[in-house]
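Colleague: The structure's right below; bear with me while I get my questions together.
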Amino acid sequence: MSLCLWKQCLDRLQDELPNTEFSMWIRSLKAKLNNNILEIYAPNKFVLEWVKDKYLNHLKKILQDYCGTNSPLIKFEIYQIYKENKLKKNIENNNNNKNEKLIWSNIPKFKNLSYRSNINKRYNFQNFVEGKSNQLARSAAFQAARNPGNSYNPLFLYGATGLGKTHLLHAIGNEILSYKYDIKIIFMNSECFVQDMVKALKNNAIEKFKLYYRSVDALLIDDIQFFAHKERSQEEFFHTFNTLIEGNQQIILTSDRYPKEINGVEDRLKSRFSWGLTIAIDPPEIETRVAILIKKADQNNVILSNEVAFFIAKHLRSNVRELEGALNRVILNSRFTHRAITVDFAREALQDILAVQEKIITIDNIQKTVAKYYKIKVSDLLSKKRSRSIARPRQMAMAMAKKLTNHSLPEIGEAFSGRDHTTVLHACCKIEQLRKENHDIKKDFLNLIRTLSK
């Protein structure tokens, strides 16, 4: 009964909350019904307080809908208490089990193993510039760092190159090491895991390899997509993954795409990547780009005016590395020529980059092209009209903007009369689905791609 009731609550919350919100705060909760008290267990105090503050009334309403006047009281606890109670039960149940399995988490963590954390001290949460495009990822990363093995395990961050995924991995490592000096952390690119495994096989040392990776407290792997088509490495990582999760050892992975979109990786691995929390990092919106430029300039002992920062941010939208590269060029030119950094100076220093940017497809261009194709007005696309003759072209334009530009979901939403980023995400998913089911939609999509790419 308790499981059934909690599942009904979860189903309602999943229907009524945005996906990212549900994944971030609700999915990690556990619950049981005890003497008409619904005990809800959160992975840590931060999540507990947040859920209590933001969702308690929502939960009460759902329980009242299902149970009427006999709806249970709600009590919040930290997940650790739940695990300890469960562990006591398991010990009692398995006390006479002589065939008890040996799991890797029970193996002593030998002191003579040397762990190379490879954590770069330059990257931390303090110098990570937060904005709408990355705030969920940053918050989840910080929680995982403060409660390794208990919050969001595994944590999977994905997004295009240069958006801060690697920065967050280093920040997690540095945060953990700041309060747990003796913790064993491995930070590496997935290709290093493959190379280590190949060396272990050549040297007949595969058991040492297994012990090395399965005895860590936190495993941070960057660019997991490079496991594609490496069957033996995937096999070994599959078992390592299972062992670490079973031992409550933290796993954090990054990729340039959503887990299910990683080609050449086994389905069973892709499924496990999504066991915990999966969060996208989008290209930064203009306010975040401006903040990044000013912060990076300050780190170089350069005072950058808001006007110049806005000028650069307006023309360079794709990723943080591109912004840093442009800023470094402006600073270098200023130092060589001994000229002040003004908008005109920045325009001159970046003239070749700006020339390339002008050829890039814009949201404005997409809106005009889509409106012309469907024989409607741009103002209709931006309006609140919901008729299919307007809503479908609007969704198509949003999907085009996501595919053909480097704008973040919030920025695309802003360009469509301030719509929420979840509306844009829904539009992209809807068009993707319709392209598979509806020949006319597929044809429209391809025709618009060709027109915009000329």
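Numbers here mean position along the shown chain, with the first residue as 1.
Just so it is clear, glycine is given a Cβ too, placed from its N, Cα and C backbone atoms.
Sharing the record's features from Swiss-Prot:
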- Gly162, Gly164, Lys165, Thr166: ATP binding site (BINDING)
- 1-79: region 'Domain I, interacts with DnaA modulators' (REGION)
- 79-117: region 'Domain II' (REGION)
- 118-334: region 'Domain III, AAA+ region' (REGION)
- 335-454: region 'Domain IV, binds dsDNA' (REGION)
Colleague: Select one residue from Gly162, Gly164: among these binding-site residues, choose the one with the most other Cβ atoms within 10 Å of its Cβ.
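Modeller: Per the Cβ count, the most surrounded site is Gly164.
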Colleague: With DSSP, how much of the region 'Domain I, interacts with DnaA modulators' (1-79) is helix, how much strand and how much coil, in residues?
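Modeller: Counting residues per DSSP class in the region 'Domain I, interacts with DnaA modulators' (1-79), I get 50 helix, 17 strand, 12 coil.
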Colleague: Please classify the secondary structure at Lys165 (ATP binding site) using three-state DSSP.
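Modeller: The three-state answer is helix.
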Colleague: For the region 'Domain IV, binds dsDNA' (335-454), how many residues does DSSP put in helix, in strand and in coil?
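Modeller: Computed counts for the region 'Domain IV, binds dsDNA' (335-454) are 90 helix, 0 strand, 30 coil.
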Colleague: Would you count the other C-beta atoms found within 10 angstroms of the C-beta of Lys165 (ATP binding site) for me?
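Modeller: Excluding its own Cβ, the number within 10 Å is 23.
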Colleague: Cβ within 8 Å of the ATP site's Cβ centroid: which residues qualify beyond Gly162, Gly164, Lys165, Thr166?
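Modeller: Going along the sequence, the neighbours appear as Gly159, Thr161, Leu163, His167, Leu168, Thr254, Ile281, Asn319, Val320.
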Colleague: Only counting partners 6 or more residues apart, tell me which same-chain residues put their Cβ under 8 Å from the Cβ of Thr166 (ATP binding site).
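Modeller: Counting only residues 6 or more apart in sequence, the Cβ neighbours of Thr166 (ATP binding site) under 8 Å are Tyr123, Asp222, Thr254.
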